[in-house]
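Trainee: Below is one structure. I have some questions about it.
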Amino acid sequence: MPTTATRSTATRSTAVVTVLCWIAVLLDGFDLVVLGTTIPSMLDDPAWDLSGAQATQITTIGLVGMTIGALVIGFLTDKLGRRRVLMSAVLLFSVFTLGLAFTTDVMWFSLWRFLAGAGLGGALPTAISLVTEFRSGRKAGSASTTLMTGYHVGAVLTALLGMFLIDAAGWHAMFIAGAVPGLILAPVLYFLLPESPAYLRIKGRVAEAEAIEQAYGLQVDTEMDNLQEQEEGGNTDGIRALLQPTFRVNTIAIWATSFMGLLLVYGLNTWLPQIMREADYDLGNSLAFLMVLNVGAVVGLYIAGRVADIHSPRRTALIWFLCSAVFLALLAIRLPLVGLYVIVFLTGVFVFSSQVLIYAFVGENHPSSARATAMGFSAGIGRLGAISGPLLGGIMVTAGVAYPWGFFAFAVVGVLGFTIFSFSRTLRPSTIAAVEGGASRP
């Protein structure tokens with residue numbers, strides 16, 4: 001039966017958890033865009049003499065690190081707890097990003113990018129899992145999309161900062177600006193961020209879990225939590241749950257669609273300024289397109305969250321992927337500058353929240369004992385798409401065909417995302433509970 005904690009008896013607001021996780025995700029947004037803003041200047045920097053192939057290398061190596069971090073994070077959170085893992089991820093990212101500002105060659109830059117990516121790769125799925133738990137129920141869709149506005153606010157701020165800071169202080173200063181907030185955030189997380197009650201219950205720390213649930217007014221099914229407490233080696237059971245018949249089709253659809261979604265996110269944010277320069281726009285307009293793209297993303301997240309709460313994350317994601325394909329194709333058409341800005345904005349509205357809706361679907365359609373693992377594998381396999389996006393863009397830029405054919409290629413990816421995710425199904429809560437109960441029995 002559920003615990004007696006309610007919002008009216010809570011002494012702390014779940015908004016604290018949302019805000020702290022939002023700021024952590026904002027750092028991910030910085031990382032999403034920072035190379036897109038700095039690569040044109042790095043390519044023009046005579047001290048580095050950077051080639052197109054080397055630019056592609058430093059772009060992809062950080063994403064390889066992120067992929068490894070995202071894949072490992074499910075194991076770490078189930079063993080160490082979400083609070084400690086999120087703090088560590090933020091700290092590692094910030095330290096190694098600061099190192100990027102002082103590197104003098106491509107080899108060291110690539111190494112620091114890899115290590116920073118490995119740290120940050122675990123931040124996003126951990127933050128989403130925490131916010132989903134502290135804002136459970138019908139608000140899971142809006143909770144995830146609200147959190148992800150931090151991702152794109154960070155991207156917008158980074159693009160804006162790049163428009164002014166690079167000319168004034170050089171591209172190195174961008175990495176200092178990105179590292180400092182994380183170095184401040186890490187100790188704040190230590191003092192203010194609560195641990196996941198579900199994790200505490202699984203570890204047998206029931207009194208601590210109940211204290212947090214009471215403080216934050218969380219409704220918890222204690223019978224189901226008692227089953228979770230019996231679970232040993234939670235992550236192994238989580239992986240088995242993802243691949244058993246009840247979840248198998250959804251798991252494959254989620255993984256493949258996450259690949260498509262993050263291919264679009266990272267491909268566009270890495271190469272859009274350079275593609276627009278090839279279309280004869282100056283650097284100022286090219287960075288402005290990147291900013292408008294991510295402003296559209298913020299607006300799209302709010303809209304997607306509200307629509308998903310009414311019509312379900314699955315239905316909303318299908319519509320969003322189709323609209324993404326349409327507007328990506330329209331970017332390949334030469335339009336007046338104002339019309340082009342409108343299309344870029346609408347592309348941002350649909351492309352970036354498509355992937356976030358997949359995360360919301362994961363949160364609603366997995367038992368809590370497997371949720372961190374499901375989220376970690378979704379983000380981790382999606383990161384393979386994140387690697388492929390910049391690679392695809394880099395190949396097309398190097399070949400001189402990125403404009404307009406790059407946008408058509410991205411549109412095809414959007415269609416594939418729609419097609420694959422159409423095989424998924426929303427599961428009943430009773431089905432999820434039955435699977436979790438069965439997995440917990442010897």
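Cβ coordinates come from backbone N, Cα and C, glycine included.
Annotations per TrEMBL:
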| type | residues | note |
| --- | --- | --- |
| TRANSMEM | 12-35 | transmembrane segment |
| DOMAIN | 17-429 | domain 'Major facilitator superfamily (MFS) profile' |
| TRANSMEM | 55-77 | transmembrane segment |
| TRANSMEM | 89-108 | transmembrane segment |
| TRANSMEM | 114-134 | transmembrane segment |
| TRANSMEM | 146-166 | transmembrane segment |
| TRANSMEM | 172-193 | transmembrane segment |
| TRANSMEM | 249-267 | transmembrane segment |
| TRANSMEM | 287-305 | transmembrane segment |
| TRANSMEM | 317-335 | transmembrane segment |
| TRANSMEM | 341-362 | transmembrane segment |
| TRANSMEM | 374-396 | transmembrane segment |
| TRANSMEM | 402-423 | transmembrane segment |
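Are these features on the surface or tucked inside, and what touches them?
Mentor: Residues 58-59, 62, 86, 89-90, 93-94, 97, 116-117, 120, 123-124, 127-128, 130-131, 134-135, 143, 146-159, 162, 174-175, 178, 181-182, 185, 188-189, 192-194, 215-218, 265-266, 269-270, 290, 294 of the same chain sit 6 or more residues outside the transmembrane segment (12-35) yet have a Cβ under 8 Å from a Cβ within it.
Sequence-distant contacts of the transmembrane segment (146-166), counting only residues of its own chain at least 6 positions beyond either end whose CB sits under 8 Å from a CB of the stretch, comprise 18, 21-30, 32-34, 36-38, 41, 124, 127-128, 131, 173-174, 177-178, 269, 284, 287-288, 290-291, 294-295, 297-298, 301-302, 305, 348, 352-353, 356, 359.
Packing against the transmembrane segment (172-193) from elsewhere in the chain are residues 16-17, 20-21, 23-24, 26-27, 30-31, 34, 37-38, 83, 86-87, 90-91, 93-95, 97-98, 100-102, 130, 158, 161-162, 165-166: each is 6 or more residues past its ends and has a CB under 8 Å from a CB in it.
Outside the transmembrane segment (249-267) by six or more residues, the chain places 32, 63, 242-243, 317, 321, 324, 328, 351-352, 354-355, 358, 361-362, 365, 374, 377-379, 381-390, 392-393, 410, 413-414, 416-417, 420-421, 423-425, 427 with a CB less than 8 A from a CB of the stretch.
Long-range Cβ contacts of the transmembrane segment (402-423) within its own chain (Cβ-Cβ under 8 Å, at least 6 residues beyond either end) map to 249, 252-253, 256-257, 260-261, 263-264, 267-268, 271, 274-276, 278-279, 314, 317-318, 321-322, 324-326, 328-329, 331-333, 351, 354, 358, 392-393, 396.
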Trainee: Same chain only, please: residues at least 6 beyond the ends of the transmembrane segment (287-305) with a C-beta under 8 Å from a C-beta of the stretch. Say none if there are none.
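Mentor: Same-chain residues near the transmembrane segment (287-305) but 6 or more away: 29, 33, 36-37, 141-146, 148-149, 151-153, 155-156, 159-160, 162-163, 268-269, 272-273, 276, 281, 316, 320, 340-341, 344-353, 356-357, 360.
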Trainee: Of the listed stretches 55-77, 114-134, 317-335, 374-396, which one has the most C-beta pairs under 8 A with the transmembrane segment (341-362)?
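Mentor: Result: 317-335.
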Trainee: Go through 55-77, 114-134, 317-335 and flag the stretch with the largest number of C-beta pairs under 8 Å relative to the transmembrane segment (374-396).
Mentor: 55-77
Trainee: Can you name the far-off residues of the same chain, 6+ from the ends of the transmembrane segment (55-77), with a Cβ under 8 Å from a Cβ of it?
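Mentor: Apart from its flanks, the transmembrane segment (55-77) reaches 31, 35, 39, 42-43, 85, 89, 106, 109-110, 113-122, 124-126, 129, 199, 235, 238, 266, 270, 372-377, 379-384, 386-387, 390-391, 394-395, 398.
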